[in-house]
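Visitor: Shown below is the structure under consideration.
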Amino acid sequence: MADIKTGIFAKNVQKRLNRAQEKVLQKLGKADETKDEQFEEYVQNFKRQEAEGTRLQRELRGYLAAIKGMQEASMKLTESLHEVYEPDWYGREDVKMVGEKCDVLWEDFHQKLVDGSLLTLDTYLGQFPDIKNRIAKRSRKLVDYDSARHHLEALQSSKRKDESRISKAEEEFQKAQKVFEEFNVDLQEELPSLWSSRVGFYVNTFKNVSSLEAKFHKEIAVLCHKLYEVMTKLGDQHADKAFSIQGAPSDSGPLRIAKTPSPPEEPSPLPSPTASPNHTLAPASPAPVRPRSPSQTRKGPPVPPLPKVTPTKELKQENIINFFEDNFVPEINVTTPSQNEVLEVKKEETLLDLDFDPFKPDVAPAGSAAATHSPMSQTLPWDLWTTSTDLVQPASGGSFNDFTQAQDTSLFTMQTDQNMAETEQALPTEPQAEEPPATAAAPTAGLDLGLEMEEPKEEAVIPPATDTGETVETAVPTEGAPVEEAEAEKAALPAGEGGSPEGAKIDGESTELAISESPQPVEPEAGAPQVIPSVVIEPASNHEGEGEHQETATGTEPREAAEDVAAQGSAGEKQEVATEPTPLDSQATLPASAGAVDASLSAGDATQELPPGFLYKVETLHDFEAANSDELNLQRGDVVLVVPSDSEADQDAGWLVGVKESDWLQYRDLATYKGLFPENFTRRLE
């Protein structure tokens, strides 16, 4: 008996040695290896199928454990409700019955899932271990087959052939081949069939789970509705004991998670003692309040850092009242709310820069809608003045169609023949070289002397385009007729150069002043006299950057003519005289006028290059990093062109829609490069 066991053990050891030797030779490349690529693919699919089935079994067991936990939790909940239920309350027995039936439903649902799905899954996975063992055994038989084949080939190729050994090797080879074929054929049939059967198994399993769950929820919904009706009737029975949650949010809803980083806090620099004469710091205002975000859409923009502490030297100069004017009156400005959003730091002035000329008009800065009074009207009591609060639209056509400017309101009156005669006598035959031509407009010639001028009802407003500035006024002196808009540009030519036939010759002067441009000539109505403005020449002022306007002129007059006009205005006739400082060199007038035309044309082209629906420009004060694809990435100092927002909710939350000016000038694509950005990160530009 011991000999038999020893023989079997020795035989198994010999097989293991032969297999190990064969594998080593195959790894070293000294012996060929039989391979079946199709069978190897079947083995890979089998391993994948086994892993998927094992995971499904694990998750189903977890699902059943959760059902068991829900059963216990539901039972404890209904028991606690039954314990707190008072005997005199409505539906005490119904509550107990609902709890018991719910427990039965949970138990039935759990048991059916175990019987219909879990046991089936266990049976499905039970066939994998046997097939796995057969695959491993086939691999061993394949090594034995290769070893017997190599041994037979070695004996047949040797020089000294031993027929007995060769015949014995052939028998061993045929035996190994037969055993390998048995395992190989069976697995070649079973593995593809098992791989295909997984689809039907998954279908049956999840159909069973879904049908059982649907039936369970349908039955338990009836019990839940029953419990709801009991609670409703109990509430009606005790209506005077209603319960309300105090302090509960009314608009609590899911918000869009948009984590937008706030800009980094910038440390406020300590002001030096020499920065301000009184060493007083301006109080730091708190950060702007984060706007309310629209519900269920987008949170408001991030909060910018606190403003830097600045010395009191940066006080606005417009708050200082000038008491040194001859006609001191408070200035009345009518501005729109949008203009108050951006504070402009005005240029500081000294007493040496003040102009004490009573004929100098108070002119509002370019771009504002302020309505000021002419100097001639300042002789009246200040409480009798009128202020125009209407915003004047820009005149269309010509080189001025892209600018808007507030026009001085003035009253025109007719001049008598005597005034005309005095004005013509005061005209010099030759302009003085040291007195540069200054332009002014006043309706003096070509008017019917029997009619009085009415107050203009409409005014065409044009801002200055260059340093010298140009202002074109139009007024129709007809009775009750609307004022037609007229625009003209001044071109002052030196003596000896030709002019257009539209210029008026004065007392045999050889110099003619031509009107270079007239985009919209005056179209007077029937019976209305034609207005030909005269010219008043004033000495040039050295005040640079005061923002005064020049009016269109067709001739030149000395300063004495302006004084005569002022004397007539004080006698009861109202007239507007506007002066503008000009360079001392009269030869520079023509290049300045040409530059004004070029500047206005370029400004018109710039307006046409703005995106559709353009509202205004803003400058970024802080860096902003976009948290979503529909937001802009902004750096400090970027200029953004604001366009109307598609969503009122985003606008109410403090977001604006716009496109970076650099992207717009480069790509001209508003739909691709526009995006949202926080309004409180920017400041508005005029």
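Each residue, glycine too, has its Cβ placed from N, Cα and C.
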Visitor: Among S268, S518, can you tell me which residue Swiss-Prot lists with the annotation phosphoserine?
Guide: S268
Visitor: Could you check Swiss-Prot and say which of S272, S293 is marked as phosphoserine?
Guide: S272
Visitor: Identify the region 'Disordered' range according to Swiss-Prot, selecting from 127-147, 337-357, 400-420, 421-441.
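Guide: Result: 421-441 is the stretch Swiss-Prot calls region 'Disordered'.
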Visitor: Could you give the number of helix, strand and coil residues in the domain 'SH3' (613-686) as assigned by DSSP?
Guide: 19 helix, 27 strand, 28 coil
